[in-house]
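Below is one structure, written out as structure tokens; comments come after it.
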Amino acid sequence: MAAPPTTIEDFTSAIRSRGLEIPQAIDSSLRRISKQDKRIRAFLHVMPEYAQARAEELQKRVDVGEWPGPLTGVPVAIKDNILCRDVPATAGSRILEGFRPIYTATAVSRLLDAGAIPIGKANMDEFGMGSSNEFSAFYPARNPYDLNCVPGGSSGGSAAALAGGFVLGALGSDTGGSVRQPAAFCGLVALKPQYGSVSRYGLIAFGSSLDQIGPMARTARDCAVLYNAVCGHDPRDSNSLPNTAPIRVEQIDAGVRNTRLGIPSVWLRDGLDPDVRSSFKECCERFRSIGAEIVDVELPNPQLSVSAYYILANAEASSNLARYDGVRYGLRDSESIDIRALYRNTRGRGFGPEVKRRILLGTHVLSAGYYEAYYQKALMVRRQVRQAFDDVFASVDAILMPTTPTPAFRLGEKLDDPLSMYLCDLFTTAANLTGYPAASFPIGLSGNGLPVGAQLCGPAYSEGTLLGLVHRFTQGVPLPLPDIANAPVEEGKSRD
Amino acid sequence: MSNPTPITPEQIEYLCRLAAIQLAPEEVSKLKGDLGRILEYMKLLEDVDTGGAEPLVQPAQLAGGLREDVPGTGSDPADALRGAPKSCDGYFAVPPVVKRAPKSAPADGRGGQAGS
């Protein structure tokens with residue numbers, strides 16, 4: 001019997017050529033999840049009956065010669081902050097325990113139109129606030145490459161579901177790096193698209209000027225197919241760009257010759273893990289060998305982007321999370337005797353510690369007496385960061401750097417130091433401030449067998465160029481999946 | 001590293017009032033340290049010369065974004081009430097809004113059945 005397909009492209013080819021049937025493929029995913037996910041905990045909610053019913057229905061259509069769409073039959077994971085009507089959505093938080101949405105996100109509707117099969121809702125850091133999935137109010141997820149390590153966050157469950165071989169595609173969301181960093185930790189290709197190119201309708205809001213839904217997959221071409229299925233104008237998102245076009249095949253297959261890549265060497269002088277440094281050096285050599293020109297570029301200190309990001313994201317979050325008040329849905333503190341107490345106690349009991357930290361920080365930077373010094377200042381720094389990137393993009397096609405300073409860290413390692421957790425986002429936050437697209441892709445493994453990722457940042461509408469570069473670099477070959485069935489787990493400093 | 005920006009318990013209580021979040025005493029003391037260290041880090045921005053830079057609120061910078069003022073179908077009210085912890089006659093039901101708890105009530109405002 002042929003080995004199961006490892007990419008969306010191989011999967012859809014096999015379905016089309018009738019070498020594989022959708023119900024059998026979905027059953028195989030579900031069986032694998034049922035056996036192995038107790039070790040990974042990629043999912044908060046699995047939908048076996050729904051997935052199997054949809055598989056049967058799609059196979060019937062294929063049997064009579066129809067081809068519903070480019071993702072026909074493909075099992076996908078949906079991050080739990082993206083809404084599917086009637087399917088539990090928690091955003092990783094107890095304050096939404098029991099909540100069932102009354103509508104479906106545009107991105108999910110479009111995946112369904114393309115024939116995809118959502119298998120489950122993926123684990124995540126609560127409300128998108130975290131870089132390790134350890135701030136899920138339910139349980140942490142683990143990195144399939146090393147079960148004692150984090151998969152990254154906040155889209156940790158989506159990344160783990162892919163690296164665990166449970167699904168072939170996933171939707172995550174990226175506000176400060178939450179799709180790219182887990183992709184780097186788990187050996188995947190992920191894209192944070194141009195802000196406004198993928199509708200936020202149905203994405204539980206964290207930082208509205210920063211959030212984007214992003215596709216995650218094992219190859220650049222798979223990532224492009226997912227992006228094409230979900231991108232495009234949506235009148236229900238008031239910041240949806242009118243002219244977003246899908247990525248064209250020619251862009252993915254374009255050569256690297258005459259492409260100029262900029263590297264901010266000053267950023268990489270200190271603070272890089274030695275394995276990241278050596279993998280990145282090899283990555284640059286490989287790009288040169290396939291025809292890219294590599295030059296040094298100057299960008300503002302990334303710590304400025306991280307500071308500005310955390311001020312703006314937390315300010316926006318303090319506003320967006322005001323809606324969780326126990327009145328209309330989710331958790332309600334049943335013993336509160338007046339409305340103010342209801343709000344305070346519901347939120348005090350329903351939000352986890354990181355969420356509370358960020359809401360209070362956001363409240364502080366917006367409060368009278370601090371607004372100019374923090375919030376206004378951060379908005380001006382945001383403008384300057386974007387101008388700096390615009391200046392660099394005048395002379396290079398894309399900027400290349402490691403996605404993160406280190407590979408995946410161990411569970412529990414950063415829980416006591418929120419600031420060190422925030423610095424995981426050192427290289428990723430700038431792309432959310434500017435709104436420009438950025439893609440993470442695997443460039444190798446560390447000495448301990450953990451994936452290392454690099455990031456390409458491009459100007460507006462450059463998704464096709466970025467994924468084309470990734471495709472050329474990787475030659476379309478995914479990082480091999482780890483063997484999770486036999487992986488050891490230590491007793492340790494983790495929350496579950 | 002320089003000393004963390006001092007944050008007083010009174011400042012934290014003020015923020016909790018603004019954000020409508022009740023914290024337990026042990027949470028307040030941990031937050032003092034965390035917020036202080038984080039705010040100290042953000043002081044990096046103080047020294048940045050932003051000159052006359054125009055604030056960049058969001059990257060899409062689209063004009064308008066409002067839809068036509070034409071009636072459409074919104075959500076079904078029954079759907080909207082489905083997830084309500086408590087509802088009554090098509091309304092979301094909550095404990096007293098105008099009448100405040102008596103002074104003898106516990107500090108965290110808990111201790112009764114929620115009013116309707």
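These residue numbers are counts, starting from 1, taken along the chain as shown.
Even glycines carry a Cβ here, placed using N, Cα and C.
Annotations in TrEMBL come from automatic prediction, not curation.
TrEMBL annotations:
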- A:25-467: domain 'Amidase' (DOMAIN)
- A:Lys79: active site, charge relay system (ACT_SITE)
- A:Ser154: active site, charge relay system (ACT_SITE)
- A:Ser178: active site, acyl-ester intermediate (ACT_SITE)
Select one residue from A:Ser154, A:Ser178: among these active-site residues, choose the one with the most other Cβ atoms within 10 Å of its Cβ. A:Ser178
Distance, A:Lys79 (active site, charge relay system) to A:Ser154 (active site, charge relay system) (CA atoms, angstrom): 9
If I restrict to non-local contacts, at least six residues apart, and a C-beta distance under 8 angstroms, what lies near A:Lys79 (active site, charge relay system) in its own chain? A:Lys121, A:Ala122, A:Met124, A:Ser155, A:Gly157, A:Ser158, A:Ala170, A:Leu171, A:Gly172, A:Ser173
